[in-house]
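Student: I'd like to ask some things about the structure below.
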């Protein structure tokens with residue numbers, strides 16, 4: 001009697017196993033259930049998938065709250081897609097157990113609240129996309145588990161302020177996108193934990209002054225985008241801490257009126273600068289023309305006097321003809337800076353030839 005009962009139990013278990021490992025209803029599965037695609041299939045709760053699943057695409061479904069342990073039974077997941085899922089809240093421990101996860105896509109949701117602990121266990125996460133949500137703040141320690149984070153997209157949210165410790169723990173972060181938020185200030189210390197940033201985009205915010213203190217600990221920024229902020233002026237030593245690495249700088253559409261004389265101190269590798277659509281009439285004497293390859297200048301009221309002779313010389317040496325014209329003096333108004341006679345009487349410095357040293 002024992003043997004028939006044992007056989008019956010084994011039979012029931014065998015029947016259960018395929019169901020547990022089966023492809024979720026209305027989804028498409030590939031690579032022996034390693035890739036599970038449930039894009040826009042009307043899901044309202046996270047489906048059960050095989051433990052060997054590596055890619056799970058749940059885009060365009062409806063998960064208002066990601067509760068704790070929502071994905072705990074998926075230990076081998078590497079890539080998780082949750083875009084356009086009407087998510088409002090991510091609870092503490094929502095991704096607990098996903099210790100192999102590298103890609104996490106949470107873009108285009110309605111996320112307002114990210115609880116402390118939301119990203120616990122995500123020690124291998126490298127790419128985090130939180131753009132196009134309604135996040136208003138980053139709680140201190142939120143990113144602490146993300147010790148391997150490389151790219152963080154937070155553009156198109158509602159963040160008003162960055163406080164000290166906002167990026168605590170994310171020491172390997174290299175690309176940070178904060179474009180199109182509501183930032184009016186970057187507090188001193190806000191970026192101290194991510195001193196290895198190479199790309200920092202904070203354009204289309206409400207920064208009314210250049211955040212010198214917040215940027216002072218950054219060491220290797222190659223690309224800095226500050227477009228569409230009401231900055232008006234750039235102070236001395238603005239880029240000095242990362243001046244040996246800075247290659248691309250966006251300051252267009254900022255109502256910028258002036259650079260301090262020492263604004264570009266320490267900047268030696270700058271190649272591309274965007275200054276269009278501002279209120280500039282001069283450039284500082286130490287503007288780094290020597291390394292420059294492209295310079296966007298249009299729609300500025302340039303004052304064509306000898307103070308601008310460095311720009312004239314740079315333009316003469318370039319095959320391209322940036323559309324920059326004089327606004328003053330009156331007799332040169334509308335003339336191209338490259339062609340005008342406004343600089344005829346200016347003395348241009350000449351490069352001295354090196355003399356042989358004494359032996």
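The backbone N, Cα and C atoms fix where each Cβ goes, glycine too.
When I checked Swiss-Prot for this same protein, it listed these features:
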DOMAIN    300-348  domain 'LRRCT'
CARBOHYD  144  O-linked glycosylation site
REPEAT    124-145  repeat 'LRR 3'
REPEAT    148-169  repeat 'LRR 4'
REPEAT    196-217  repeat 'LRR 6'
REPEAT    220-241  repeat 'LRR 7'
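Mind running through what each feature is packed against?
Tutor: As a summary of secondary structure, the domain 'LRRCT' (300-348) carries 17 helix, 7 strand, 25 coil according to DSSP.
Taking Cβ-Cβ distances under 8 Å and a sequence separation of 6 or more, the neighbours of residue 144 (O-linked glycosylation site) in its chain are 168, 169, 170.
Through the fold, the repeat 'LRR 3' (124-145) approaches residues 83, 99-112, 114-116, 118, 151-163, 165-170, 177 of its own chain, all at least 6 residues removed from its boundaries and within a Cβ separation under 8 Å.
Within the same chain, residues 107, 123-138, 140-142, 175-194, 201, 214 sit at least 6 positions outside the repeat 'LRR 4' (148-169) and bring their C-beta atoms closer than 8 Å to a C-beta of that stretch.
In the repeat 'LRR 6' (196-217), helix, strand and coil residues by DSSP number 4 helix, 3 strand, 15 coil.
Restricting the average to the repeat 'LRR 7' (220-241) gives a pLDDT of 98.
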Student: Quick test of the contact rule: Cβ under 8 Å, at least six residues beyond the ends. What residues does that give for the repeat 'LRR 6' (196-217)?
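Tutor: Same-chain contacts beyond the flanks: 155, 162, 171-190, 223-235, 237-238, 241-242, 245, 250.
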